[in-house]
Each structure stands twice: as C-alpha cells, then as structure tokens.
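**Q** Pulled these features from TrEMBL for this protein:
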COMPBIAS  B:22-40  compositional bias 'Low complexity'
DOMAIN    B:103-313  domain 'ABC transmembrane type-1'
REGION    B:1-44  region 'Disordered'
TRANSMEM  B:48-73  transmembrane segment
TRANSMEM  B:109-129  transmembrane segment
TRANSMEM  B:136-160  transmembrane segment
TRANSMEM  B:180-200  transmembrane segment
TRANSMEM  B:251-274  transmembrane segment
TRANSMEM  B:294-313  transmembrane segment
Amino acid sequence: MKKRNLLTLIAGSAALALALTGCGSGGPGQTTGAATMWALTGDDTTVMKTSVETWNKEHSDLKIDFNAFAKDGFKPKLRTAIGAGEGPTFVFGWGGGVLADFVKAGQIEDLSDFVAENPEVLKRYIPSVLANGTVDGKTYAIPNNKLQPVVLYYNTAMFTDAGVTPPKTWDDLLDLVKTFNAKGIAPFSLGAQTKWPSLMWLQYLSDRIGGPEAFQAVLDGKPDAWSHPAIIEALTKIQQLVDAGGFINGFASVSSDSGADLALVHTGKAAMVLHGAWSYQTFKTDSPDFVKDGKLGYTTFPTVAGGVGDPKNIVGNPTNFWSISSKATQEQKKAALAYLADGLNNDAYVDDIIASGAVPVVQGVEAKLKSSDNADWLSFVYDMASNAPHFQLSWDQALPPAQGEAMLTNLEQIFLKKITPQEFATTMNATLGK
Amino acid sequence: MSTTTSPEKTRAEARAELPQGSARPASAPATRSARSTRAAGQSGPSGWFAAPALIMFSAFALLPLGGVIALSFTNWDGISDLSFSGLSSWTTVLTDPVTGNALVVTAKIMFFSYIVQAPISILLGAFVAGRQRYRALLAVFYFVPLLLSSAAIAIAFKALLDPNFGLGAGLGIPLLNQDWLGNADLALFVVIFVIAWQFIPFHTLIYQGAVRQIPASMYEAARIDGAGTIAQFFHITLPQLKYTIITSSTLMVVGSLTYFDLIFILTTGGPGYATRLLPLHMYLTGFKANDMGAASALGVILVVIGVSLALILQRLGGKDRRASQTEGA
C-alpha cells in the first residue's frame with residue numbers, strides 16, 4: 001500500500017513536471033518582432049552598434065534589435081540557441097567548417113538569390129574573402145568587419161636596445177631567441193592557455209614548409225593527412241623553439257582572453273608576439289602611448305629554408321560574417337536582407353572600421369587607408385592580404401568542431417612536450433572523417 | 001532523552017488503549033489516540049508533503065536524466081536532426097583514452113581534496129567551536145571564502161597565480177613565482193588547493209555547529225578521569241562527530257564530482273588534459289566538440305558514480321543507525 005502510494009506520487013509529480021516544462025517551450029522566441037542581431041563584444045562592437053542604431057532611425061519598419069555578448073561562451077551560446085530554435089536572425093560566424101555545419105543542419109538561409117538580384121552587394125567585397133562565406137559554391141554569409149591576418153608584432157624599443165632587426169628567416173628567428181635570452185628578455189610572448197594563439201605557429205610553419213596543400217588534405221579528410229611531412233616538421237620546429245627557450249616562462253598559464261600575452265610585449269617583458277591583426281586595436285586601447293610612440297613594430301612571418309610554401313601566404317581569419325537564420329520570420333528576413341544590402345559596410349561603416357584601426361574587407365579603400373591616422377599599419381595589412389596568393393582560415397574554424405577541439409588540445413600537449421609530433425599525427429589521424 | 005522515548009511510549013499506550021477506545025467511541029481521548037495510531041502506524045505526515053520537492057526533482061532531475069540517457073544512444077551535434085546511433089556514443093566514450101584520464105583526474109581530485117579538507121575542517125571546526133572571543137574573531141576570517149562565488153574565486157586566483165603579472169612576480173619572491181597553472185604536474189595540486197580554500201570554511205561551519213552540540217558534561221567527566229586535551233579530542237569529540245563526518249564526507253566526495261565552474265575558469269581542464277575532470281570533459285565534449293551523444297554518455301557515467309558513492313557513504317554510517325549519538329548512548 002505504502003509503496004504504491006509512493007509510486008503514484010512520483011508518477012503524478014513527473015506528469016505535472018512534464019506539463020510544467022512543456023509550458024516553458026512556448027516562451028519568447030525569435031518568431032515575433034524585430035530582427036535580432038547577436039554580435040561578439042570586441043573592438044568592432046561600437047561600429048556595429050552605431051550602424052544598427054543609425055539604420056533603426058532611418059528604417060522604422062525594418063528594425064533590428066542589437067545585442068553584444070562576451071567572447072567566452074559565445075559560440076556555445078549561439079549554437080545552443082540555434083539548436084533550440086531561439087537563435088538570432090543575424091548569425092555571427094567565421095565561415096569555414098562551422099558555417100558548413102550550420103548550413104548542413106538547415107539553419108542558415110541560402111543568399112544566392114539575394115546576391116543574384118543585388119549584384120552590387122558582393123561587388124563591394126574582396127573576392128578571396130567572400131570565398132569563406134560560401135558552402136558548395138553558394139553564398140551563405142556576408143562579411144561584417146575587418147581583415148584579420150596573423151602578423152608578427154615586436155617591440156621596436158627592445159630591438160633597438162639589442163641592436164637587432166626583425167627576423168626574415170627561421171634561422172634569424174632562432175638567432176634572435178639566443179640574443180634576447182642572453183639579455184634576460186623573453187623572445188616570444190604566447191597566450192598558450194587560450195590554445196588558439198599556439199595554433200598560429202603551427203599554421204604558419206606548415207604553410208611555409210609545405211604550402212597550403214598539407215592542410216587541405218586534412219580538410220578533405222584524406223587518410224593519414226596529419227602525418228604530412230610538412231606538419232610533422234612544423235611540430236618538430238615548434239618543440240625545438242620551446243627547447244631553445246623561445247617562449248616566455250609560464251607561457252602555458254598565459255591567457256589571451258585577458259590580453260596578458262599582448263601586455264607582456266607592451267610592458268617590455270617579451271620582445272615579440274605572433275597574433276591576429278585585431279590585436280592592433282587592443283594594443284591601441286590598452287597602451288595608447290606604446291603605439292603612438294612607434295614602439296609597436298609588425299612584420300610578416302619569416303620564411304623557412306627549403307620550404308615550398310609561398311612566403312606571401314597568410315593565415316588568420318579572413319573576416320567575420322553575418323548569416324541569416326533560416327528559422328527567422330519573413331518579416332525578420334526582410335529587415336535583415338535590407339540591412340545586408342544597404343546598411344552593412346556602407347560608407348559610414350567602412351569609415352568607422354578604418355578609424356578603429358582595422359582594414360575593412362571592401363574594395364577600393366586604399367586612398368582612405370592612406371589618409372587615416374593608422375595609415376602605415378592599415379596599408380601593411382591591406383597589402384599583405386591583397387598580395388597573398390592564399391589566405392588560410394584558422395584551422396580550428398575550418399575544421400568541424402570536434403576535430404578542431406581535439407587539435408587544439410593535442411597542440412597544447414606539443415607545446416608542453418607531453419607528446420611527440422608522431423603521436424600528435426597518430427591521434428589526429430584517428431579523428432579524420434568524424 | 002525523555003523526549004526521544006516519549007513517542008514510543010505513546011504508541012505503546014495507544015495500542016494498549018485501542019480495544020477500550022473502540023468500546024467507548026464517544027470518549028474524546030480515545031479518538032485522539034486512534035487518530036495518532038493511524039498516522040504513526042501508516043506513513044507519518046501525509047506523503048503529499050513531499051510533492052513540491054518531488055515535482056521539482058522530477059522536472060529538473062529525473063526528466064532531464066531520462067533525456068540524457070536517451071540522448072546517449074543518439075548522434076546529435078546540437079543543431080541538426082537527432083539520429084539514433086545505438087551504442088556508438090558509448091563505444092566512443094569508453095574507448096577514448098581521454099575518458100580514462102578524466103576518471104583518473106576526478107579520482108585524484110576527490111581523494112586529495114578529501115584528505116586535505118576533512119582533517120583541516122574538523123580541526124578548525126573544533127577550534128572555532130570554543131567560546132573565546134578571539135576564536136569568534138578568527139572564525140569570521142575563516143568564513144570569508146564562503147561569501148565568494150566560484151567564478152570570483154577562480155578569476156582572483158588566476159590573476160594571483162599569473163607567472164608574469166601575479167603575486168610571485170609582483171613581490172619578487174622566486175618560490176611563489178612558479179608556472180602554477182601551466183605546469184601539468186603542479187596545476188592539479190593548485191586546483192585542489194583552491195577547491196580546499198573555497199570549501200573548508202563551509203565544512204568548518206558544519207563541524208563548529210556539531211562540536212557545540214556535544215554536551216559539556218562529557219568533557220567534565222573526561223577531565224575528572226584525567227584525559228588531556230588530545231585524549232578528549234580523540235575519545236569524545238571525534239566519536240561524537242561520527243554522523244557529521246559522514247554528512248560532510250558525502251558532501252565532499254560527491255561534491256567533487258560536480259566541480260566545474262572553478263576549474264573551467266582556472267584552467268579549462270589544461271594544461272593538456274591535466275585537470276580535465278569528468279564534468280569538464282562532459283561539457284567540453286558537448287559544447288566545444290558538439291558531440292551531445294558522447295557528452296550524454298559521460299553524463300550517465302557521472303550520475304552512476306555519484307549515486308553509488310552517495311549510497312556507499314550512507315551505508316557506512318547507516319548500518320548501525322540504532323547506535324544513538326545522543327548523550328549517554
């Protein structure tokens with residue numbers, strides 16, 4: 001009797017609970033009202049926000065609701081929201097494997113018809129950048145911020161003190177490591193705890209040694225693609241650099257999210273750092289005098305003797321993109337497409353990006369760049385990107401998420417010398433095609 | 001003592017009175033006895049008293065648990081359609097060396113957290129249970145970490161332990177200037193230390209309350225028998241704390257299966273896999289690698305381990321539940 005009562009009670013409660021949770025799913029979704037835009041908090045937040053605010057003033061019938069979220073947890077949040085059917089109209093992205101994943105799941109609107117009807121939209125952008133917003137030849141994403149190649153930053157004051165020049169070759173770089181270590185200065189800063197800064201080293205090295213083909217094989221899921229000699233050699237060189245004391249002590253505890261890796265350079269604790277072009281804005285914000293006094297130097301990644309990759313190749317993020325959710329209402333899509341056509345990357349938008357210290361991904365801005373406050377830097381980035389035969393999207397974005405995650409953790413093990421390049425290749429080969 | 005025995009007595013009396021009561025239905029005391037007999041004999045207060053808790057538990061624990069079990073037999077990346085995949089998530093999880101490593105890390109954290117936290121909490125608890133003024137003052141300081149959230153603690157320690165801008169570098173003390181979170185051999189113990197820093201105050205509070213419950217007369221008797229402070233601690237305080245120790249141990253051991261926020265912010269499971277314990281492994285699998293099937297399988301493993309540990313610990317104390325811990329037993 002007692003037992004049955006208890007069971008009835010549990011069953012009753014469970015049924016009630018089911019009813020209660022059922023109520024929850026009818027909550028505020030994106031199916032009503034204005035188009036929603038979820039941006040990433042960062043150096044471009046102001047540009048995007050200003051653009052949307054201006055747009056809303058001029059288009060009361062096509063309103064956009066703007067929200068910016070902190071970088072930590074942004075991707076899981078976006079993905080979970082999309083999976084639950086509560087995602088925003090404007091989906092922020094990096095292109096590549098993650099975009100392809102969303103497209104495959106039927107979450108992203110095909111923009112092919114839109115760009116066919118409005119040919120002027122695509123004409124605005126640099127073609128090689130647009131390629132990252134396409135999946136199987138169809139346009140799914142439109143660029144929304146700036147060129148983000150990875151460059152080698154250095155502290156010019158420290159270089160002058162040591163009487164040295166920035167490295168042109170890998171051997172130069174190794175010599176510099178010796179010079180700076182002898183002076184008790186860390187040669188390179190590295191935010192290894194955040195993981196992706198370490199990936200920049202592997203990407204550039206493997207590109208310089210073996211060209212983009214080595215990684216392309218991985219993307220294509222060819223068997224044993226990670227065992228490509230160029231990747232193995234790149235990993236070996238990374239471990240040699242670690243052994244030579246190339247990176248600052250405790251690099252594995254340095255976090256890039258807090259900007260500690262860049263702070264090491266502008267506070268004079270480390271001489272160089274390999275980082276994305278977006279960091280120029282961070283340097284400018286965190287240490288305005290350092291940039292103003294010309295102490296921030298920048299150059300391209302050195303060449304590697306015997307490497308077959310074109311030294312003009314670059315890696316990084318071509319840019320970020322807006323995609324349109326296929327689950328948005330007709331009304332929201334209408335507002336979103338109108339914004340993509342007339343609001344995004346219009347003249348004011350482009351001017352704002354340039355003023356913030358970044359290069360927009362639109363064509364024909366050379367004159368504007370040259371007349372801006374940061375003319376040298378902006379022209380450097382623009383030339384670097386426009387002269388590059390190949391612009392490799394960050395591997396963690398290009399690969400499907402599961403493989404990207406495994407790669408970052410195993411690369412961390414390489415930097416920590418917990419595994420050998422061969423072990424890295426074996427572990428990563430097992431993830432191919434998953 | 002008399003209060004604990006009185007319900008027994010009433011029940012016995014009531015049983016004895018029952019025949020009389022039924023013979024004299026008009027009698028008010030008898031009716032009262034009969035009613036209390038029914039309540040005591042069947043289920044105490046109405047089972048519906050448990051309903052609010054059960055509803056919440058079903059909605060937020062049982063139902064999701066069922067969902068997780070179901071998901072562990074599917075292949076789902078969080079955004080596409082679900083597809084049934086049989087045992088493939090389970091084989092992935094069980095053959096993945098990272099899972100084994102996560103279990104080892106979890107066991108290490110559980111073990112070391114326990115052997116660090118339990119003795120310190122008991123000693124501190126017994127210490128601050130004293131009525132002296134200075135002890136009350138010290139207790140206030142000891143309890144400060146209780147006021148902070150895990151996230152705040154993690155961010156603060158991450159800043160303090162930074163090899164270039166942290167405490168060691170700032171004060172120029174070489175001993176403090178280690179690669180605390182970047183050295184795979186150190187990071188685990190740093191994590192255990194921070195966890196202890198966060199949770200010892202809580203357990204100290206529990207022990208403080210429990211020690212104050214121990215009757216002073218026992219200590220007086222012990223003193224008359226010639227027992228010193230240390231002997232009193234081992235022969236009176238510790239045995240009297242038995243049930244508190246079981247409660248606190250259950251919280252510590254099972255709680256160490258749920259450490260997530262602190263470690264996630266402090267190390268994200270790194271360097272490498274050095275501090276990637278099971279809950280973190282589950283999160284990273286689910287939300288970074290987007291493999292919800294495998295993450296659900298890990299979730300089920302976590303639930304099974306947690307429930308088993310809780311049951312074992314309850315058993316340890318529950319076998320001789322009859323042995324009273326109250327005065328004079």
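Yeah, the Cβs are placed from backbone N, Cα and C, and that goes for glycine too.
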**Q** In the same chain, which residue numbers or ranges, 6 or more beyond the ends of the transmembrane segment (B:136-160), come under 8 angstroms Cβ to Cβ?
**A** 124, 127-128, 166-167, 181, 190, 194, 197-198, 200-202, 204-205, 208, 261-266
**Q** Take the C-beta pairs under 8 A between the transmembrane segment (B:109-129) and each of B:48-73, B:180-200, B:251-274, B:294-313. Which stretch has the highest count?
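**A** The stretch I would name here is B:180-200.
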**Q** Under an 8 Å Cβ to Cβ limit, what residues of the same chain, 6 or more beyond the ends of the transmembrane segment (B:48-73), are close to it?
**A** 82, 84-87, 89-90, 292-293, 296-297, 299-300, 303
**Q** So if I exclude everything within five residues of the ends of the transmembrane segment (B:180-200), which remaining residues of that chain have a CB under 8 angstroms from its CBs? That is, six or more out.
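**A** Sequence-remote neighbours of the transmembrane segment (B:180-200) are 105, 108-109, 112-113, 116-117, 120-121, 124, 142, 145, 148, 150, 153-154, 157-158, 161, 163, 166, 252, 255-256, 259, 262-263, 266-267, 270-272, 274-275.
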